Amino acid sequence: MMSCFAGTRGSARVWLCAIALCLLASSCARGAAAFPNKPDSPGEDAPAEDLARYLSAVRHYINLITRQRYGKRTLTEPYVPEFIFQENRGDRSSNPRFDSVTMW
């Protein structure tokens, strides 16, 4: 079983890197199908039943794409850290400034 690794340790590393690369490529390929496919248009001269089926599929597709996501993304206002606007506030006692040369 280990006859393919009978050479040096470098060949084992090459095999492990190749396997890791294959696993990474397969995991990326599965991530591409995260969104559903767009429904196919039935054409201009399609019967009413096909058009109704198509419109239902489009409505379902739009509902899936635009659904609300719950969790950290439900904030109504964007998160801005307070230290960015710290100088714009009137309270400067918590952030003293040394403008005099006496400290040197």
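Positions of Cβ are set from backbone N, Cα and C atoms, glycine also.
Taken straight from Swiss-Prot:
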MOD_RES   Tyr70  tyrosine amide
SIGNAL    1-34  signal peptide
Task: Number of Cβ atoms other than its own within 10 Å, given for the residue listed as 'tyrosine amide' - done: 7
Open item on the list: For the residue listed as 'tyrosine amide', which of the three DSSP-derived states applies: helix, strand, or coil?
Closed with: coil
